[in-house]
Structures are given as structure tokens and as C-alpha cells.
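**Q** Structure incoming, see below.
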Amino acid sequence: MNSVVVGQRWISHNEAHLGLGMVQSVEGRRMEIYFPAVNESRHYAIENAPVSRIAYQAGDHITDMDDVAYQVVEVNEQQGLLIYQCEDVDGNPHTLAELHLNCFVQFNAPDKRLLNGQLDKEDSYQLRYDTFLQLDRLSRSPVSGLLGSRVELLPHQLYIAHEVAKRQAPRVLLADEVGLGKTIEAGMILHQQLHTGQASRVLILVPDSLVHQWLVEMLRRFNLHFALFDQSRFETLSQEPDIDLDTGKQVNPFEMEQLIICSFDGLMRHPEMQSKLKQTQWDLLVVDEAHHLHWNPDDQSESSDKEPDPKEIDHKENDHKESDHNESLDITSVSSLPTGDDYKLVESLGQQAAGLLLLTATPEQAGIESHFARLRLLDPDRFHDLQAFKNEASLYTEHQSLITLLTSDDDVAVADIKPLLAELPQLLSEIHSEQQLTAEEKQTILDRLIDQHGTGRVLFRNTRSAMDNFPERQLHAYPMPCPEIYTPDDDEPMNIGFAGLTPEVELVPDVWLPRDPRVEWLEQKLSELKSEKLLVIAHHASTALALQQYFQKKHALRCTSFHEGLSLFERDRAAAYFADREDGAQVLFCSEIGSEGRNFQFAHHMIFFDLPNNPDLVEQRIGRLDRIGQTQTINIHVPYLTGSSQEVLFRFYNDGLNLFEKSFSAGYSVFEHYQSQLQLCMTELTDLPDELIAATQQTVADIKKQMEQGRDRLLELNSCRQPQADHLVEQVEKEEQANRLASYFERLLEEFGVEQEDHSSLSWVIRPSDQMKHAYFPGLKEDGNTVTLDRLKALSRDDIEFLTWEHPMVVESMDMMVKGDAGNAAMTTISVKGLKPGTLLLESYYTLETIAPKHLQLQRYLSLKPLRLLIDVNGKDLSAVVSHDALNGLSQPLKRKVGRQVIAQMKSQVQHVIDKSEKHAAKHIDDLKLSAKSKMKADLQAELVRLKELQKTNPSIREDEITAMEQRIKHCDYYIDKASLQMQGLKLVVAS
């Protein structure tokens, strides 16, 4: 590589869209190049960097930073920098240093390749042209960014993802009930924001127990490769830091990755990690289990540095635990404990991050104060007064009768509806009928009510009661005597307290497996259900592994295990083995943590080998099968040991909470309320008092009543508006077009020399080959990949990659196709009666392009549909007479050697017709820009007007949203003006 000097202009091979870069710094074997067009920098090792020095020659046309055009007359070099002696359009001389060259430049020269005889195959030419057509179609799709997720297409999830992800820096709270897929919704939002360039840096904060689930979900479902930052990784990066080439200072470890997951627990134990994290900027912050962040309305969390008094906390907790068990539990009560450090951390990070997604329990489950605490993290200016928020919330419950009328299928009399709109005079103007409301009037009033909802833009919550496709649950309980191995006479008994829930972990497998009656019962149950798939969950990985090995060796059972000790690849393999309906495992033995993030809707029987010590984990276990898409009743088999704490807890879970057969989102609140009494019974092995069971049942009934009375029907309607949600599903299905993608992708693989072998319908095994044009093909593994375009197959086979138009392999290989020079110059012959042999025709196509920040999403307005021309030697455009497809049908291939000879003999004529083509294309540029601006303003101005109107009645419309939209329109207008036509392909056609 030539000597590198600060100020030189270079271009990236892999990222030509960055424009003309400038060497910013050189240190040792590394250099930094700044790309002013997109305000981004890249660091490269000088040797083998995928960049090239740009050096113009005499005769070339260049522009300066003010867009003034010149022609190069002479090139000189001074201290490693090029100085261009130029002339402007009037012939006046100018000196232009390369430092002052325009950065809005792209380098793609099909004309030079054609004139030099660098000819591509006709198939490559057609593929390049078709790639632009596909990119144009995808860029204009209303569901762009929602195609690439490996998920079932559920209306409520797609609606939330679409509604939230299209916003600039969204700040929302996702509070769907358990089992409705908050993690999937968050992943879809992240995918869309990253795909469209609205976000590039994302931080996810989760409890320790959910770290792996999030890593798996983001990778497997959304192809998002997050880096796990724990204490070990942080310390390693801190001890061996990268050095900033500009400042000479150590790079913050959290700035070394764009997508990061951290656990709350690890952060709270490591103040230095917190400090470094607060020094970084994020486009999006995602916080799971946000309802566990504690806030006290009497605290000013921003300035409260006082450490809480442990004695005070213990005293208050004991007071709470010792409350009488007949006392009704109020889930809206606020704790007097001080604001937690974790809440303060999220508050601090949330103020720095542009966007914030909080995943939390439902407002009814968490309580209104806890709910308000989450909202103030999203928008502290809007949600600053708790009492005012309570008053506002009460207003929405007053509209319940109005909403009931509007959502019913019955006719609604105008006389009945007007009194209900007395306090909403602006909605009365929507009524024009005299007797009965029309369906359109009912929908219009309902839409206006939803738009005015105080928290409707920041809070989304779907409920199971609003869904009609959840399965039934059926409990099968199996009491059995506690064996003597767990109650030794000369030692501490193993069957009491919370430890009694998993007594086997205190013994080696050879001791407990032959003597524990649950094992013998399991043998019988597996034999009885030998035609069914069974999911067996135990709390500890050691238990699950012991059971798997026991049944494999003793009974030759087709089974496998799934636990946290396995690698991601091993878990995928185990899940695929279990999912295989023909030759797969009958039984999957899972640990508590190992089963997180995996769903097995194809199984209908679940066995609790033990009971978890948290009612939320009961729901989490059942949730592996109880998902939308489950087609049959879920059979839950629970063996438990009598005369042990298992029996006590089983009765509390079943008789008190009814957890096994009905989903109950507030189970943990009730569990905490009665925990001291429950734990006493579990330790002393006394029966649960009937009074305690009755009190628990009453508490559950009271909470369900509170939740039902507190239902916000407007919020439910806003969280999944119909028919818009169903229409999104239809749009995604329409855009997927598996057969179209299959045909296109096979051609793409052939173009790059990737070996492909049929696997099954719409599925292949692809591998590297010796014929590959480049050593690199996006996402291709050394031993190959198994891929499918079948969504249903992908949902049941984690070991197969799900290819969509938005999969990184497809996106990046399409980008390679259009950003490289493959297929941009071709030559064919044509034999048509009346066309004199030797006659030249030139098919050319151009796209209007500009170099702009990705988050503006200009590709939605700057059409990538090629501007096609067909020019003859007289400069006449025949494209309207002979279409692209018609020309292809008439064309015959020409040997490259012959083509080069023809071009060499007719070079001046070829250059002439190229010049004519460019002049014709230039006539279209103003119309194309005008069209792009019209599309942009029709879209963004309409949204700006809508936001301003909504803001008048809905205070949740943030002022910064409106400002951001105004700035976006301004910047889009600017960059469209900067757009220029880029020649993308030439095909010389010679009559024979």
C-alpha cells in the first residue's frame, strides 16, 4: 500500500456509500479515515485494508466542497498530498488540493469497464438489474424491517413493532400479559430500527437469569449478535484497552461493541462498570423486568445519594411479612422502601439514551404507583405528578360504557351516545346521522378516543382475555410417599423448607435414582405416553442430566437434555432432535434456566419433576408449551412427595392460587404476602391451614376484580388496532414471497460461486466452493449452512437458518452485487430483420443516489428502480419501443474475445453512444428529484401534521418528536438536492 499521509482521500471497497473519506490520523500500523458525508469514522490496519487511494487524472471531472465542477488539467504532489490544476466551465484556471474535494462521491464505472473490454456474462448483467428492482420494491415496502424475524406472524406483535419502530427514538413501555411475547416485540422493534438505520448502538439490561434467554432470542429470532458484557469481560478489556488515535486515551470498554447485553446483578456489584456505562451514548436502551425497579415517590432519585439503613429496611419488611393472613392484599399500595440503586441507574442511562424500551408486568399487576414510576423514566416532563396521573387515569375508566357501545355489533342510537359525549364536544362533530350511528362514525369516534388517550403512545398492553387462541390447561397430580433416603434418622432431613423441593441434589444419582418414587412413576408415564412428546423440567441441571442418562442407559429411551451447561450449538441440536417428529427424541429433560427462551408448542404434555420456589417460574415453565399457536390442551403432570415441603407448596400453588390451570400474572405478589406463613409450614411440615387457603383464594379473587375493574379498554384497543393489525400480517406475507426469493437467491449463489444442494422444499445446504469469486460470502460457514425459506419449518427447527429478504446473508450479498462491479458491463448480439449488421444499440440504466445518514431512510423516496434507456448511434431513445425483457428475448450471447475485438474496432462509436446516453439521462434528474421530494413530503409532512394535531389533545406527544420530524424533513430535502444519477449498468448490443 502507498505511503499514507493525513489529508489524503480514500474510498472504502466494502462501504462505497460512505463517500470520499479523508485520512484523519496515522499511528503505527493503523489509520483512521473520516467520512464527512455520513459523519462516521472507520479504523483500519494499514496492511490489507479494504480501501483505495483516490487519485484523479488529467481529463477527469471533479467537484469541490461547494459543488463547483472542474476538469483536471494537471496533477502535482506535495508532501504526499495531490494538488489538482483545474479549469472551471468558463476555462478559468484553479488550484484545488485534494483536501477540498467533495465528499459526496461514489465510484462505479461501467463505461470504463465496457470500453476496456471487461465484459460480464449476460446472467450477471441480468442479476444486477434484477437486484435493483428487488431493492426498490423492498425499500418502498410499508413493512420494511419487519420481514426478517423468525417468529409466528401474530397481529398484536406486528402491530406494536410497526407502531413503535417507525418512531424516531421511541420511548415506550411494553406491558403485555405473560405469554404474549414482550421479548419478541422488543426484538422486532430493535430489528426494524437497526435495519432502517434509525439506531446503531443498543444496550439491553436484564436480570442474571434472563441473560442467556435474551442472547438466544436476539440471535436466533432476529440475527442480532449481541455481546455479553460481564465483570470478567469488562476487566479484560480494561486491562488490555484500545487506544483512541485522536486523544491517546483508553477507549471505554462499552464503546468497543455496538450491541451489548448486561445483567443488572453484575452491574450493581461493580461500581466501575456503572461509571463507564454512564459515560457512553446509546440510541436505544432496553430494560427487561422493569417492574422490579423500585421507586419511592417521596424520594428525589436524581439527587438521593444517602445509603438506606439496613435496620429500617429489615423492620419494614418484617412488618409486612407479619401482617395477618386474612388481610386483603392491595396491589396498588406503594412500599415505603427508598428508591433502589437499580432504578437510579436506569434513570441516569435513560436520560442519556435517545430511545428507551421498558418491558414490565401489567399495570394492574404492578400497581399504579409502580406503573407511574416506569412512565416517569420514559418522560419525566410529562409524568411528574403522581396524583395528577391517578386523576387522569380515573377519567379513562369513566369512558368504559362509551367504549362498550362503540365496540359492540349492535346498532347504537344517536340519542344514546350523545350524553356520553357531553364532556367530549370535539367528538360530537363526528356525528352526522340523525337516528343510528353508521359503522364509519363509530370507528371514527373510537379512533379519536384512542388518539387522545393519555398514555396510549407510550404504553402498550395486550391481554389474554382479548385473545381467542390460547389453549386449555389440565392438571394431573400424583402424590407419592417421601422415601427414607430424604429423611435420615442421624442427619438433617432433606425434605423440609425450600431445600425440600429438590432433595435429590444432596445425594449422588446412584443413590436417589433407584429409590425416588418419582423416577419409577416417570418410567410408567413415559411408557403410557410413548406416542407423545414430553417435556420434563427440573430445577437443577444436575437433576435433568441424571434423568436423561438414567433413561438412556436403562431403557434405551430416545431422549436428550437441555441445560445451561450446553453450548448454544448443542442446545440447538438438542431442540432440533426433540422437534423431529419422525426420528426425534420422545423426551426432553430441561433445567429451569436451560429452558428459558425456548418454546415447544408441538408438545402437549409437560412434567414438573419438582416445584419451583417462585410462582412466576411455574408460569414460565408452562409457557414453554402454553403459547399462541398451541393447538391442543396442555397436560401438566405434577408428581410430588407427601410428607415433604413439596406437598405444602403444591397445595398453596394449586388450591390457593390455581396456578396450574389458569394463568395469573399477580401470583408472586400473593406469594410474597403469605410467604412467612407458607415457609413456616414448609419447614415444620404442617398442613396449610384451611383459613390460609381461603384467605389466599379471596386475595386472588380480589386482585382479579381489581384488575378487571381497572381494565383500560382504550389502551387494549390501542395496543392492537384492527383491522390495521391483520393488514400488517397480510402485507408481511405478501412481501415475503418465498418462491420469488428462492429463484433470486439461487441465482445469487451461482453468481458468487457458492455450492448449493437441495435439502427439502424451499431449503438448501450451501457450502463454500473452489469456484467462489471472493473468499468472503456473508454468513457462510466453513462447513456450510442449512437454510430454509419456509417460516413454519424455521419455527420448529432452530438448527436451520431462516432466510428472508432481510436476513444478513441476503442483505449483504445483494449489497455486494450492487456496490461491486459484477454485471455492470455486458455485450450481446441481436438479429432483427431490418436492422443493418454492425448497428450499435446501448442499453443503460441509472439510479438516483445520494450519500446521507442511514437513519433518514431516504431509500424510501429515492427510487432504486433503474432509469432505463436504449440509445442508438443517432442518439435516439428506443426504450419505449423495445422493453428490457423483449431485448433479452432477442439477444444472443457473444464470446468475450470477439466482444473485445469489436469494441476495440468501434471504440469511438461506443464512446459516442455512451455520451448520448448520459445526456438523455441528465434530462430526467430534476423530475426524479421532484418526485422524491413529493413522496418524502407527502409522507413526513402528513405525519408532522398528525403529531401536531394529536399534541393538542394528547400530552404524551413529546415536543422533541415534533422537532425531530421537522429536522428530518429539512435534512431529507437537503440530501435529495445532493442526489445525482449513477450509471449502474451498460449492455452493448451489436446487430448481426
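Cβ coordinates come from backbone N, Cα and C, glycine included.
Automated prediction, rather than curation, is the source of TrEMBL annotations.
Among the features that TrEMBL reports, domain 'Helicase ATP-binding' is placed at 163-381. Summarising the annotation, TrEMBL assigns ATP binding site to D176, E177, V178, G179, L180, G181, K182, T183. Positions annotated as motif 'DEAH box' by TrEMBL: 288-291. If you look up TrEMBL, you'll see 295-335 marked as region 'Disordered'. The compositional bias 'Basic and acidic residues' annotation in TrEMBL covers 295-328.
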**Q** Write out, in the order they occur in the sequence, the residues of the chain not among D176, E177, V178, G179, L180, G181, K182, T183 that have a C-beta within 8 Å of the mean position of the C-beta atoms of the recorded ATP site.
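**A** Output for this site, in sequence order: E185, N462.
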**Q** Where among the binding-site residues D176, E177 do you find the Cβ with the fewest other Cβ atoms within 10 Å?
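**A** Relative to the other binding-site residues in D176, E177, E177 has the fewest Cβ atoms within 10 Å.
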**Q** According to DSSP, collapsed to three classes, what secondary structure does K182 (ATP binding site) have?
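**A** SS state of K182 (ATP binding site) = helix.
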**Q** Go through V178, L180, our binding-site residues, and report the one whose Cβ sees the most other Cβ atoms within 10 Å.
**A** L180
**Q** What three-state class does DSSP give D176 (ATP binding site)?
**A** coil
**Q** Going by DSSP, how much of the motif 'DEAH box' (288-291) is helix, how much is strand and how much is coil, in residues?
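**A** Here the numbers are 2 helix, 0 strand, 2 coil.
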**Q** How many neighbouring Cβ atoms, not counting its own, are there within 10 Å of the Cβ of G181 (ATP binding site)?
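**A** A 10 Å sphere around the Cβ of G181 (ATP binding site) contains 22 other Cβ atoms.
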